[in-house]
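Asker: Taken from TrEMBL, the feature region 'Disordered' applies to 1-25, 406-426. Residues or ranges marked as compositional bias 'Polar residues' in TrEMBL: 1-12. Taken from TrEMBL, the feature domain 'RRM' applies to 28-112, 151-227, 329-403, 446-521.
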Amino acid sequence: MNNSTSSTANGNDNKKFKGDRPPCSPSRVLHLRKIPSDVTEAEVISLGLPFGKVTNLLMLKGKSQAFLEMASEEAAVTMVNYYTPVTPHLRSQPVFIQYSNHRELKTDNLPNQARAQAALQAVSAVQSGNLALPGAPTNEGTVLPGQSPVLRIIIENLFYPVTLEVLHQIFSKFGTVLKIITFTKNNQFQALLQYADPLNAYYAKMALDGQNIYNACCTLRIDFSKLTSLNVKYNNDKSRDFTRLDLPTGDGQPSLEPPMAAAFGAPGIISSPYAGAAGFAPAIGFPQATGLSVPAGLGPGALGPLTITSSAVTGRMAIPGTSGIPGNSVLLVTNLNPDLITPHGLFILFGVYGDVHRVKIMFNKKENALVQMADANQAQLAMNHLSGQRLYGKVLRATLSKHQAVQLPREGQEDQGLTKDFSNSPLHRFKKPGSKNFQNIFPPSATLHLSNIPPSVTVDDLKNLFTEAGCSVKAFKFFQKDRKMALIQLGSVEEAIQALIELHNHDLGENHHLRVSFSKSTI
């Protein structure tokens, strides 16, 4: 009887829901369940794209289901095998995929199919190389012979820091990114980025040139490079060769921690529609990692403005066609340690990436909290950098909340001090427009940057302060030019996160309060 439990578990649902009996035999038609109601056709298609041509789509909006038809059974099998251990996400919601009983989709006579067909046509035009993009001058509609797969990218209006990870995230929508080198030239942040194929480079340039990464700032200016290949010597936060995880990090650069390297990630990789169990983008663009043969041509979600909607960039990208809860500045933070976490602790930690206005720890489920940031960019920044980090022995998770704001308790309502309003706190780091702090936003690291140290405080005073907070101090050095600042290296990133929460704004006497930030340097 054991093998039929899955079908009877649904009770009387199992007639409608044939898909829940023991798995059907392979079919090129796939049945998708639990699809968020506002997802676009293009987003659903983007789940299938990396595995082959998507030939048809039927969305059952009322039932949160869809059917996706692949060109071949082989492509469908590859897709199901890939997504079995790694649940795909749309709009941060898990989506479930299984073979359908149908062998093909007949949708000709069905109403409301126009949008699905338009989305499919857009994809096949791109996949076959007839790139008539919306708004693209048609005389540029072909890739010139001998065109380079390397793009040169300049970022103007750099009000928020743009990291190598952010570039990788955005440009991966248009194909497999092999290498990235970032540098500053003429006081401008620039990058060279190499695709597997010139078509991908062409398509990314067409779709992204002139777009803003964040609302109203960080404008991309993209050209083809004269270089046809990049030579990357080091994998660190300035350069990366995604085909060679064995490269050294070079001097003075934080190395990728082993589990990060294993996940092809880098600290702070944006949660991706292909996010694996640990919140890292699995190696979908890297065929050698999973034995997956990704077709040449376009990589995940290569639909241009159509699918830049993937959950990876919801609420963050200012690129047309993005949706989700635009501008949501409230984060849902889960898997906290209920015995040790406080609203003030979350305020200090999330305050590294933006100004925290309100924090609410859930009354009935204290491992969950809502954190309201000053704006959507700051919420996204905090989510990218903090989700997946360890805090008080547990791996913190952060996602965009469905709430638009954190409500304060009504007068006399029992709250145990779990909801706090910090909007008038003097500790906000980003109140002043153009503050230097905008340029010093780094992922959590074991090395902390200390500042505002009064002259009378010694090395030992500071070491003792951190030791008493339960940290093991590995190294310490004052800045040569400015003894008000120092670097301190602790035993782990988790220790550093906890020390920052505990000691930021610590009173050192003489009216000096210690300022603590994550550092990009090591000692």
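Each residue, glycine too, has its Cβ placed from N, Cα and C.
Tell me what's around each of these sites.
Answerer: Summarising model confidence by region, the domain 'RRM' (151-227) averages a pLDDT of 87.
If you look at the region 'Disordered' (406-426), the same-chain residues 6 or more away from its ends with a CB under 8 A from one of its CBs are 330, 343-344, 347, 356-363, 366, 370-372.
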Asker: So, taking each listed stretch (28-112, 329-403, 446-521) in turn and counting its Cβ pairs to the domain 'RRM' (151-227) that are under 8 angstroms, which one gives the highest count?
Answerer: 329-403
